[in-house]
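The structure appears below as structure tokens.
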Amino acid sequence: MPESARQALRRNGGHLASVALVLMWSSGYVGAELGTRAGGTPLQLLAWRFSILGVLLVSVCLVLRVRLDNRTAWARQAVLGLFSQAVFLFMIFEGVARGVDGGTAALIAALQPLLVATVAGRVLGERTTAGMWIGMALGLAGVVVVVSGGLDAGTAPWWAYLFPAAGMLSLATGTVLTQRLRPTETLLQSITMQSVVAGVVLMVAAVLTGQAAPEAELDFWAAVAWLVFLSTLCGYVLFVFVTRTRGATVASVLLYLTPPTTMVWVWLMFGVPITLPAVVGMAVSAVGVILVLRSRPAPAAQRARR
């Protein structure tokens, strides 16, 4: 194959992978809609999602002879898994179950990197600029516009939006802890340990609350399969692939396309209307995201401060 053809294939493959990443990442919020509409509770859906995922990933580790016997690693990943997986996703799913549409939940969750870059950045000793704070304010303003539109439409009570907000804070906490703890485990080890811990914790909670028994309907298991394979396995694989081939910045920026993609997806699948406040709020938040990304100090400057 000619070198020019190889370069074109590599370039187009990167574009396709980027599109697929946005779709797969958005599928998690769509899966929350799918599962709750199938009659599953958030705890029930997530308990089975992570239990099945944990078994699959442990099996992969056994086949590949990946070590999972480090107690310190398990303790570290357990903390990260609780904040970044179990609590984060439970709050997102609970919000969707209470009437928050998937697109709005995705938009609130997308504020997490902005929060880490500004507020949590101070905890980590990283310099924050005026532009970053303005960007964070715009991001929050965009969410307020979207949420106010949802309140006017009566789709969910005001307190329902506190669930995805709490989930976003949990994910931000997990992100800060990751940077503090600096885990040395591989991606496969990290995902496996976090999934096992999340599965055990959520299944125990489901048993104690009488929600462990799975729904008999096919729609419920279709939602679980959707969440396991599309949202988790495909999503993480594509994220790693794009990060390694196109860079971490590109991968992070692509995730900001998740909210509008989710909004279009739930409109196509479930008929959730795309309102003018939602479009305006998304645009305002997008400006905030761009401002934060453009205002972040260069890595060399951050290292110099340390």
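Cβ coordinates come from backbone N, Cα and C, glycine included.
Please treat TrEMBL annotations as automatic predictions, because they have not gone through curation.
As recorded in TrEMBL:
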- 14-147: domain 'EamA' (DOMAIN)
- 159-293: domain 'EamA' (DOMAIN)
- 12-31: transmembrane segment (TRANSMEM)
- 46-66: transmembrane segment (TRANSMEM)
- 78-97: transmembrane segment (TRANSMEM)
- 103-124: transmembrane segment (TRANSMEM)
- 131-151: transmembrane segment (TRANSMEM)
- 157-178: transmembrane segment (TRANSMEM)
- 190-208: transmembrane segment (TRANSMEM)
- 220-242: transmembrane segment (TRANSMEM)
- 249-268: transmembrane segment (TRANSMEM)
- 274-293: transmembrane segment (TRANSMEM)
* Asked: Same chain, outside the transmembrane segment (220-242) by at least 6, Cβ under 8 Å from its Cβ: which residues?
  -> 14, 17-18, 20-21, 24-25, 27-28, 30-31, 34-35, 38-40, 45, 48-49, 52-53, 56, 187, 191, 195, 214, 250-251, 254
* Asked: So how many of the residues in the domain 'EamA' (14-147) end up helix, strand or coil by DSSP?
  -> 112 helix, 0 strand, 22 coil
* Hey, does the transmembrane segment (131-151) touch the transmembrane segment (274-293), meaning at least 3 C-beta pairs closer than 8 angstroms, sequence gap 6 or more? -> yes
* Structure fact -> Comparing 12-31, 46-66, 131-151, 249-268 for Cβ pairs under 8 Å with the transmembrane segment (190-208), the winner is 46-66
* To do: Kindly say whether the transmembrane segment (12-31) and the transmembrane segment (249-268) touch, using the definition of 3 or more Cβ pairs under 8 Å where each pair is 6 or more positions apart.
  => yes
* Asked: Near the transmembrane segment (131-151), which same-chain residues lie under 8 Å Cβ to Cβ, leaving out any that are not at least 6 residues past its ends?
  -> 100-101, 104, 107-108, 111, 114-115, 117-119, 121, 158, 161, 275-278, 280-296
